[in-house]
Structure formats: structure tokens, C-alpha cells
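What Swiss-Prot records for 64, 67, 70, 114 is [4Fe-4S] cluster 1 binding site, and it gives sequence analysis as the kind of evidence. Annotation comment: Swiss-Prot describes 74, 104, 107, 110 as [4Fe-4S] cluster 2 binding site. Sequence annotations record features per position, and here Swiss-Prot assigns domain '4Fe-4S ferredoxin-type 1' to 55-84 based on sequence analysis. Among the features that Swiss-Prot reports, domain '4Fe-4S ferredoxin-type 2' is placed at 95-124, with the record citing sequence analysis.
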């Protein structure tokens, strides 16, 4: 008879212990309901980047002296610098500069070691595309600073030239006007 009573007592103790654990976990859950959310709603809210954030590289074509220091310090030899030696003035003339951001590891060595400070890191971090070849930026694309990280409703594109071109191409060609 005693083993049966001790079994009931053990069962009762285990039940009380389980109820206490459930109560503690419920109290923790309730304490989290008063907190503000940690995550942000990404497409609608953008996270504020830090001052030392290493985003897309900005390139200033006029400052570059084609010394290729950026290529030498890059761990993956990524920047492509095309230049031509001007024999009459004995200086290099930069022809083309490009970086493939699909391969870039954003280490910032090229920016740090550039002697003319023609490279800088921007706060732009949205570089995703459906085609990886679109991530190969030339000097024109690298020279553009982002207007805004988000689409601003105050900035509107001028589609006047595009619409007038479409109107011209929609008309069928008249062979008499072309020959006369």
C-alpha cells in the first residue's frame, strides 16, 4: 500500500513542477508583449547604416591617375583598369575603370590605399538584380551617387522624350514621303 501512496505523491510533485514551468514560460511570453519590435519592415522602412558602413564603391574619374594600387591591394584583383600611356606628356591616361560587385567582397582596401581618394564607400546596399552581369559597373555607373536609398515620391522622371519617341515610331512609314 505504501508504494501506491509514494507513487501518487511523486505524480503530484511532477504535476506541480510542470505547472510551475508552464507558468514561468507564460510569464516570459507576457513580458515580451510590451517590448517594441526589433525587426524593421524592410521594403517600407530602411535601416540606418553606420558611419563606417562599407557599401557600393563610388568612383571619381577625374581624380584617378591610373596607378593601379587598387588592383594590387585587392585580395581578388577585382578592379579592371584600362589605361594608355601618353608618350608626349609621359603620363597614363585612364580609358576605362570597372568593378564587378557580384565578386567584390567589400573589404575596402581599394578605398583605403587609393593615393588620390578617387574611390569612396557609399551607404548603398541594395545591389540585387536578376542577372549577375548587371552587377558589373563601369566608370559611369560607379560615378553616380545614389539619389536616395528609397524611391522618393517627390522625384519624378520626365517621360516627355520617351512618349514623343513612341508616338513617332507608332506611325506607319509612308513610302512616298521617304522617296520624295
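Please read every residue number as a count from 1 along the shown chain.
Cβ coordinates come from backbone N, Cα and C, glycine included.
Structural mapping of features recorded in Swiss-Prot.
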{"residue": "64", "record": "[4Fe-4S] cluster 1 binding site", "CB count, 10 Å": "20"}
{"residue": "67", "record": "[4Fe-4S] cluster 1 binding site", "CB count, 10 Å": "17"}
{"residue": "70", "record": "[4Fe-4S] cluster 1 binding site", "CB count, 10 Å": "25"}
{"residue": "74", "record": "[4Fe-4S] cluster 2 binding site", "CB count, 10 Å": "17"}
{"residue": "104", "record": "[4Fe-4S] cluster 2 binding site", "CB count, 10 Å": "18"}
{"residue": "107", "record": "[4Fe-4S] cluster 2 binding site", "CB count, 10 Å": "14"}
{"residue": "110", "record": "[4Fe-4S] cluster 2 binding site", "CB count, 10 Å": "22"}
{"residue": "114", "record": "[4Fe-4S] cluster 1 binding site", "CB count, 10 Å": "19"}
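Only residues 6 or more beyond the boundaries of the domain '4Fe-4S ferredoxin-type 2' (95-124), in the same chain, are considered here, and those with a CB under 8 A from a CB of the stretch are 49, 53-65, 67, 69-70, 73-76, 78-84, 132, 135-139, 142, 145-146, 149. For the domain '4Fe-4S ferredoxin-type 1' (55-84), the model's average pLDDT works out to 93. Closest to residue 114 ([4Fe-4S] cluster 1 binding site) in space, going by CA atoms and restricting to the binding-site residues 74, 104, 107, is 74. Ranked by Cα separation from residue 104 ([4Fe-4S] cluster 2 binding site), the binding-site residues 64, 67, 70 are led by 70. Cα to Cα, residue 67 ([4Fe-4S] cluster 1 binding site) and residue 110 ([4Fe-4S] cluster 2 binding site) are separated by 12 Å.
You'll find the Cα of residue 107 ([4Fe-4S] cluster 2 binding site) roughly 12 Å from the Cα of residue 70 ([4Fe-4S] cluster 1 binding site). Here the C-alpha separation of residue 74 ([4Fe-4S] cluster 2 binding site) and residue 64 ([4Fe-4S] cluster 1 binding site) works out to 17 Å. The [4Fe-4S] cluster 2 site, placed at the center of the C-beta atoms of 74, 104, 107, 110, has further neighbours from the same chain whose C-beta lies within 8 angstroms: 57, 70, 73, 75, 76, 78, 79, 99, 105, 106, 108, 109. Shown in sequence order, 65, 66, 68, 69, 81, 110, 115, 116, 118, 119 are the same-chain residues outside 64, 67, 70, 114 whose Cβ sits within 8 Å of the Cβ centre of the [4Fe-4S] cluster 1 site. Taking the Cα atom of each, residue 64 ([4Fe-4S] cluster 1 binding site) and residue 110 ([4Fe-4S] cluster 2 binding site) are about 12 angstrom apart.
Annotated pair residue 70 ([4Fe-4S] cluster 1 binding site) and residue 110 ([4Fe-4S] cluster 2 binding site), C-alpha to C-alpha distance, rounded: 4 Å.
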